[in-house]
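Participant: Provided herewith is a single structure, encoded as structure tokens, for subsequent inquiry.
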Ligand SMILES: CC/C=C\C/C=C\C/C=C\C/C=C\CCC(=O)SCCNC(=O)CCNC(=O)[C@H](O)C(C)(C)COP(=O)(O)OP(=O)(O)OC[C@H]1O[C@@H](n2cnc3c(N)ncnc32)[C@H](O)[C@@H]1OP(=O)(O)O
Ligand SMILES: Cc1cc2nc3c(=O)[nH]c(=O)nc-3n(C[C@H](O)[C@H](O)[C@H](O)COP(=O)(O)OP(=O)(O)OC[C@H]3O[C@@H](n4cnc5c(N)ncnc54)[C@H](O)[C@@H]3O)c2cc1C
């Protein structure tokens, strides 16, 4: 059946006709300015004009091995296309385009992110000069091998050892137990010929804790595994199965002294240890990746939202008024309640990701001149935002899937794949509960420091024991954000009180910490969300002076929805600490419903402004033209089961069953 694709279906035409703001202006804001929009579109055009980057057959129909090879084919093609056209792989990552083409995890992603970032951030000048050009030109291909079968979260508990032998000036890498096997690193199984490996440094029989080493794993000509190394792939996962997550064991494998990354700590030829300025500087690559993940999560959430909101404008179901035509499902308040707060979250995360990036850049510049004081703040912010962003992206993506009813469960909607890929983000790069507990540690320390009269860093300054009282009217954006801040202060104060009470009653501080950890995680989550609200309000108010009134109004409404929704989610705490009363909550609930109806009118135009092209959305439900049913039907025709009317399975199994005398 041939498809006549209308320019765009009537429903979407009508939706777009109601747009009251300048879409291009909103696109520019999301990209970070018109120049960045223009650059992103140039990259997209170049990629769209490279047919080799697209799948002929859906990866769903490929074998495990073919999925990997197909993705590797596209990943290498992507790198050469970028290079030939004067772009870097970073350009493809920071615009999202590259990651979207490589739809389900790709075998070069660890190379272009954590492997290169470790070389840039952990090398001394000689190492940088030696390794960076090789890695940038793909002469060596690597990954980040830290997690082991027995330990992922607890980096200090890693078992892989790197023992210095001063007689040969080498480190001996060894995996003493099965649990010391490196397990999970992306691209480790079959792609990488090098890895940066986290191992316990031993000098003269003493352990100096985890340090990073550059290790060659495979021969650069034959790609065969080197002696003393066992490496392979770990098998199918929930998602991202086109990556070759791998395992790695060392059997007394020797590497030169100069292969320990020596920017921050050093080992001399005679085996002396030189301490770093801060003990956690070797965790820098993780921090940098967490910053990137906040952007990544917001982008993936936006893809799901575009799909679900366009589909909700095209899908008609049931009767709102008996006898009337079936309405667009987006007209149901419950559907708006499912989707629009997540749309607001996407904007909130995007502005917060930008603010975090600035903190990261500022802190990194400080580290360059020996200033370590911003490191705890960066660690807490990046941990909290990584956790909230991935939690919300996963939840939001699943809500988008559910909001599309049965068709959201179709692989061709692309929602399952977006979901399984981003779901891994809750676990990798620091499991979210664990990261929240790191944030909580910072909150409690800050709260205690404030009681002793110390000045607090900016992200926690609102926790000070005697904060200035809020002058903003409660129902203003600022007033509600101040109320949320008061709620977090109350929660942290309460956590501190409970901790102290447990210690006073004879518990060790560690036992007390564990006994309060559910509450502590809630404090960290609430603190991070307060920070996000602040960033959203600040960004919208700063933009107010520079953008047109239509765009400003949309941003103001989204920001308001985010705050109202957050207040309702936190109602219990806010009532307990007296920051709001029942009457205020009732009016907030009513206002939220009102705002849903207002935002619904322009919802399609808002997701259009996110400006993700169909080839990157890869969805039968979310395409720009809204031609949903034809696309779903055509995708189904591609199923290999439809190649013949009667399948082999019929002759092999079904027919014998039907003929059997049961
Ligand atoms: C650029 C990318 C772009 C886009 C991304 C897109 C897609 C994703 C692409 C790639 C990602 C794919 C795969 C992911 C790869 C991985 O998963 S790699 C493995 C990641 N592993 C982890 O994250 C492990 C998590 N665990 C930890 O980080 C630590 O073990 C810990 C923080 C939980 C605890 O560390 P310890 O050494 O045990 O700490 P401690 O002795 O208890 O001390 C705590 C004190 O140290 C401070 N601290 C901890 N970490 C840091 C840090 N990074 N920076 C600064 N300070 C740190 C902490 O605050 C405590 O300080 P106190 O003053 O309170 O003592
Ligand atoms: C798709 C994917 C890709 C990955 N890529 C890489 C990679 O490239 N390189 C790499 O080195 N690693 C990689 N990892 C590993 C990843 O970083 C770890 O899985 C992650 O750090 C969590 O560690 P874990 O698996 O040991 O979980 P655990 O730490 O065993 O967590 C299990 C449970 O225990 C809880 N828990 C653990 N510690 C605490 C605590 N202190 N307090 C309270 N609760 C706790 C957690 O909250 C969780 O509920 C990848 C993982 C995945 C899923």
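Positions of Cβ are set from backbone N, Cα and C atoms, glycine also.
Per TrEMBL, the feature domain 'Acyl-coenzyme A oxidase N-terminal' maps to 22-141. Taken from TrEMBL, the feature FAD binding site applies to 147, 186. As annotated by TrEMBL, domain 'Acyl-CoA oxidase C-alpha1' applies to 283-444. According to TrEMBL, the feature active site, proton acceptor maps to 429. The domain 'Acyl-CoA oxidase C-terminal' annotation in TrEMBL covers 480-659.
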Participant: These are the recorded positions: 147, 186, 429. Which one scores highest on other Cβ atoms within 10 Å?
Facilitator: 186
Participant: Mean pLDDT over the domain 'Acyl-CoA oxidase C-alpha1' (283-444): what is the value?
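Facilitator: Within the domain 'Acyl-CoA oxidase C-alpha1' (283-444), the model's average pLDDT equals 97.
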Participant: What Cα-Cα separation, expressed in whole Å, is found between residue 147 (FAD binding site) and residue 429 (active site, proton acceptor)?
Facilitator: 10
Participant: Do you know offhand how many angstrom separate residue 186 (FAD binding site) and residue 429 (active site, proton acceptor) by C-alpha?
Facilitator: 12
